[in-house]
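Database features (Swiss-Prot):
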- TYR4: phosphotyrosine (MOD_RES)
- 4-287: domain 'Protein kinase' (DOMAIN)
- LYS6: SUMO2 cross-link (CROSSLNK)
- LYS9: N6-acetyllysine (MOD_RES)
- LYS9: SUMO2 cross-link (CROSSLNK)
- ILE10, GLY11, GLU12, GLY13, THR14, TYR15, GLY16, VAL17, VAL18, LYS33: ATP binding site (BINDING)
- TYR15: phosphotyrosine (MOD_RES)
- TYR15: phosphotyrosine (MOD_RES)
- TYR19: phosphotyrosine (MOD_RES)
- LYS20: SUMO2 cross-link (CROSSLNK)
- SER39: phosphoserine (MOD_RES)
- TYR77: phosphotyrosine (MOD_RES)
- ASP128: active site, proton acceptor (ACT_SITE)
- LYS139: SUMO2 cross-link (CROSSLNK)
- THR141: phosphothreonine (MOD_RES)
- THR161: phosphothreonine (MOD_RES)
- SER178: phosphoserine (MOD_RES)
- THR222: phosphothreonine (MOD_RES)
- SER248: phosphoserine (MOD_RES)
Amino acid sequence: MEDYIKIEKIGEGTYGVVYKGRHRTTGQIVAMKKIRLESEEEGVPSTAIREISLLKELRHPNIVSLQDVLMQDSRLYLIFEFLSMDLKKYLDSIPPGQFMDSSLVKSYLYQILQGIVFCHSRRVLHRDLKPQNLLIDDKGTIKLADFGLARAFGIPIRVYTHEVVTLWYRSPEVLLGSARYSTPVDIWSIGTIFAELATKKPLFHGDSEIDQLFRIFRALGTPNNEVWPEVESLQDYKNTFPKWKPGSLASHVKNLDENGLDLLSKMLVYDPAKRISGKMALKHPYFDDLDNQIKKM
């Protein structure tokens with residue numbers, strides 16, 4: 001830790017305090033995440049350290065790079081590249097009545113998908129994607145932060161400040177208690193973020209797991225074994241769920257064109273096996289008119 005100087009506290013993440021810091025010799029500005037674990041006495045589990053060490057190898061222009069993993073007083077510090085703005089702050093800064101430029105929505109979505117495809121190809125899931133952990137710079141680049149931390153540390157129910165971890169971007173298979181889930185959980189999250197890029201509003205903003213599920217069901221219809229084989233046997237599925245009929249996504253997401261809505265609907269398919277993959281999403285006609293500079297990144 002002696003290599004880094006803490007400059008100021010910049011936020012509170014899912015796992016602990018985040019500081020802006022500086023490397024003593026190079027002067028490089030970094031983000032320092034202090035990981036606060038549930039069981040402080042036992043120190044950091046070796047499995048977590050193994051998992052985290054693997055993340056140093058995830059090098060991609062759309063992934064926030066993990067530069068160092070340090071221990072101090074049995075606390076774990078993760079040293080990341082520094083970006084000052086996250087997508088939530090950016091969306092909140094857009095004046096009322098105005099929206100993000102549609103070409104920027106497209107560019108950000110494409111970059112998010114590129115980052116996710118890279119990680120999925122290395123068998124790393126994110127599991128907790130949300131606007132707060134998508135970081136942006138002033139050159140139009142967006143990067144995914146906190147990759148792989150969910151697997152290393154688990155996703156707590158509450159942030160250590162007692163703020164509840166958001167459910168708004170969580171996939172239906174996770175909400176319904178599926179024990180086996182894979183890369184489609186991240187695609188669902190990206191779909192909900194895509195809608196929010198277009199409208200500035202969360203697509204499904206539930207305040208409990210059941211409220212979250214019912215908001216999804218009201219928009220997309222209550223799933224059954226016909227549309228999603230075996231959904232009725234998932235741990236938290238109840239036959240007593242109200243049977244809503246599918247509505248139209250267009251009524252919830254007014255600022256997307258036909259191709260955008262088509263891609264969104266493919267990302268929000270109930271059956272994870274039928275949900276579009278990141279790789280296929282990148283080939284969708286929605287991106288046909290995207291600037292080639294972005295496609296080459």
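Cβ coordinates are placed from backbone N, Cα and C, and glycine is handled just like the others.
Projection of Swiss-Prot feature records onto the structure.
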residue : record           : DSSP class
ILE10   : ATP binding site : strand
TYR19   : phosphotyrosine  : strand
TYR77   : phosphotyrosine  : strand
LYS139  : SUMO2 cross-link : coil
SER178  : phosphoserine    : coil
THR222  : phosphothreonine : coil
SER248  : phosphoserine    : coil
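With respect to GLY16 (ATP binding site), the closest of these recorded positions in Cα terms is TYR77, chosen from TYR4, TYR77, LYS139, THR222, SER248.
With the fewest other C-beta atoms within 10 Å around its C-beta, THR141 stands out among the recorded positions THR14, THR141. Surrounding the centroid of the Cβ atoms of ILE10, GLY11, GLU12, GLY13, THR14, TYR15, GLY16, VAL17, VAL18, LYS33, where the record places ATP, the chain contributes additional residues within 8 Å, namely LYS34. Calculated from their C-alpha atoms, the gap between TYR4 (phosphotyrosine) and VAL18 (ATP binding site) amounts to 14 Å. Rounded to a whole number, the C-alpha distance linking TYR19 (phosphotyrosine) with ASP128 (active site, proton acceptor) is 21 angstrom.
Spacing of THR14 (ATP binding site) relative to LYS20 (SUMO2 cross-link) is 16 Å (Cα to Cα, whole number). Local packing around the Cβ, expressed as the count of other Cβ atoms within 10 angstroms, is greatest for ASP128 among the recorded positions GLU12, ASP128. When the recorded positions TYR4, LYS139, SER248 are compared by the number of other CB atoms within 10 angstroms of each CB, LYS139 has the fewest. Cα to Cα, the residue listed as 'active site, proton acceptor' and LYS9 (N6-acetyllysine) are separated by 23 Å.
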